[in-house]
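Trainee: Submitted below is the structure of interest, expressed as structure tokens.
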Amino acid sequence: MTTNYIFVTGGVVSSLGKGIAAASLAAILEARGLNVTIMKLDPYINVDPGTMSPIQHGEVFVTEDGAETDLDLGHYERFIRTRMTRRNNFTTGRIYSEVLRKERRGDYLGATVQVIPHITNAIKERILAGGEGHDVVLVEIGGTVGDIESLPFLEAIRQMAVEVGREHTMFMHLTLVPYMAAAGEVKTKPTQHSVKELLSIGIQPDVLICRSDRAVPANERAKIALFCNVPEKAVISLKDVDSIYKIPGLLKSQGLDDYICKRFSLNCPEANLSEWEQVIYEEANPVGEVTIGMVGKYIELPDAYKSVIEALKHGGLKNRVTVNIKLIDSQDVETRGEELLKGLDAILIPGGFGYRGVEGKIATARYARENNIPYLGICLGMQVAMIEYARNVAGMENANSTEFVPDCKYPVVALITEWRDENGNVETRSEKSDLGGTMRLGAQQCQLSDDSLVRKLYGEPVITERHRHRYEVNNMLLKPIEAAGLRVAGRSGDDQLVEIIEVPNHPWFVACQFHPEFTSTPRDGHPLFAGFVKAASEYQKRQAK
């Protein structure tokens, strides 16, 4: 089987939506019966985004095999059925570290190690490895054409087009076509200059995706085709839409998938986008709406919680309701109190690190518990729920986590020093371990209690969910907390770690150590988020009586 490669680049400005465009195209090709995957190549020097600030980079998306990756991989998994792995994302930092390790080992036999050929060869090797077994691989190059950081990646894909063959490679370039209100027309010159920059590197784009706030007129697309040396049918208008799930249909309506299949000589049936049409219908025709408060510490950049926000929307789709998300800074809860939490139909506390804002999250968990408001805690959201219950119900005054107060009297949450990874191997950590790549990461099995709410929601006794944490419930202090009424609803596969807790005498209070948002998709949803949004709707109805 021959693998075909589509290299996706961006020009003029950043944040054009290369990831969404690539994922949408992949969704159409998958709907034609092709085996598709997507890769993201990031030009920064960090080995991975694991230690980067969420406010700078956005969320860290965790794959099944425990890789900490770019948030675009979350988009990929929400659009196609293929699960991402550590092969689907790598950075300049990882490439350089591998090449330097080989140099120290003597693998280059005394050669002068250079960007070309050693770095570019390493990039090509990773792309080829990630594409094995697939009909089509979309490779998104992070950054903007013209950035110095992206040059090794662009040179590598230029070489791949020669080595793999132009009949099995395509270059798709996203560019901005701005509308100038004063002139009353869109302007194509930025696109022309962006393509000129790409040509200077030796890359002739085969497809141009023209991003604009409106449809690009046919005469302007013809102009772009003429000056950029691209067939007119390969100049695609991609206007702003109110739902990203409309983009596959928008690309298909302009024949992009037909053009690609013809170019690669792929004989496959027409794309069936009925599942996406159903998603769009459910999104556009809700029968109600709920307001869910999300209390976190990175709310100035919603992308820090991208998968959680999308998962809540998916939960809304499964219940035919619109989910309005109110982002609340946990530090504001500390200073202003409960007034910020009034009027909510449900409360969610997502993951996070560090002491800042933690007391506000603990106060939020208490407010939800005492006022019978549906509550979903994720990762740190479970830990603060445990701390709150220990303090205010189990009588453990000033209970805390050793992450925040290392010498607290009741460390109900503590560092995990030993656990098994996704392959069953024993992992060990200490307070002196590096921060990067040292957490409990990836898919882990969880056993659900027969009498629990989550057992009913999932409908099966054993589930698999993805983790990203280094602190856990301290089993040494668990018995008195359980005696005070808290239910452990899920444990790790080896029965050693607490994975899910519930408050039994509460309408809906669930907190989990894992990250269910990473496996939620618009077509399938997720049991926890569907149940959470349903509970919010029921709470709203009770309040209205």
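Glycine residues also receive a Cβ, built from the backbone N, Cα and C atoms like all the rest.
For C379, the entry in Swiss-Prot reads active site, nucleophile, with the evidence type sequence analysis. Among the features that Swiss-Prot reports, active site is placed at H515, E517, with the record citing sequence analysis. Annotation comment: Swiss-Prot describes S14, K187, T188, K189, P190, T191, Q192, K223 as UTP binding site. What Swiss-Prot lists as CTP binding site is S14, D147, I148, E149, K187, T188, K189, P190, T191, Q192, K223. According to Swiss-Prot, the feature ATP binding site maps to S15, L16, G17, K18, G19, I20, D72, K239, D240, V241. What Swiss-Prot records for D72, E140 is Mg(2+) binding site. Marked as L-glutamine binding site by Swiss-Prot on the basis of sequence analysis: G352, L380, G381, M382, Q383, E403, R470. For 291-542, the entry in Swiss-Prot reads domain 'Glutamine amidotransferase type-1'. Here Swiss-Prot flags 1-266 as region 'Amidoligase domain'.
Walk me through where these features lie, including what they touch and how far apart they are.
Mentor: DSSP assigns C379 (active site, nucleophile) to coil in the three-state reduction, placing it in neither a helix nor a strand.
The Cβ neighbour count for H515 (active site), using a 10 Å radius and every protein chain shown, is 24.
Mapped onto three states, the DSSP output places E517 (active site) in helix. Long-range neighbours of E517 (active site) (same chain, six or more residues apart, CB within less than 8 Å of its CB): S307, V308, E310, A311, P350, I378, H526, F529.
Long-range Cβ proximity for T188 (UTP binding site), meaning a same-chain Cβ under 8 A and a gap of 6 or more residues, is found for V177, E220, K223, I224, F227.
DSSP classifies I148 (CTP binding site) as helix under the three-state reduction. Within its own chain, I148 (CTP binding site) has no residue 6 or more apart in sequence whose C-beta sits under 8 angstroms from its own.
Under a cutoff of 8 A between CB atoms, and with a sequence separation of 6+ in the same chain, the neighbours of G19 (ATP binding site) are K40, D72, H75, Y76, E140.
DSSP classifies E140 (Mg(2+) binding site) as strand under the three-state reduction. Neighbour count (other Cβ atoms within 10 Å of the Cβ, all protein chains): 28 for E140 (Mg(2+) binding site).
Taking the Cβ of L380 (L-glutamine binding site) as centre and 10 Å as the limit, one finds 26 other Cβ atoms among all the protein chains shown.
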Trainee: Counting across all protein chains present, how many other Cβ atoms fall within 10 Å of the Cβ of K189 (UTP binding site)?
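Mentor: So the Cβ neighbour count for K189 (UTP binding site) comes to 10.
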Trainee: Using a 10 Å cut-off on Cβ-Cβ distances across all protein chains shown, tell me which of the binding-site residues (K187, R470) has the largest neighbour count.
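Mentor: When each Cβ's neighbours within 10 Å are tallied, R470 leads.
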Trainee: What span in Å does the L-glutamine site cover, taken as the longest CA to CA distance among G352, L380, G381, M382, Q383, E403, R470?
Mentor: 14
Trainee: For G17 (ATP binding site), write down the residues of its own chain that are at least 6 apart in sequence and whose Cβ falls under 8 Å from its Cβ; none is a fine answer.
Mentor: L174, R211, L238
Trainee: Hey, what's the Cβ neighbour count for S14 (UTP binding site) at 10 Å?
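Mentor: A 10 Å sphere around the Cβ of S14 (UTP binding site) contains 11 other Cβ atoms.
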Trainee: From the recorded positions K187, P190, T191, H515, pick the residue whose C-alpha lies nearest to the C-alpha of R470 (L-glutamine binding site).
Mentor: H515
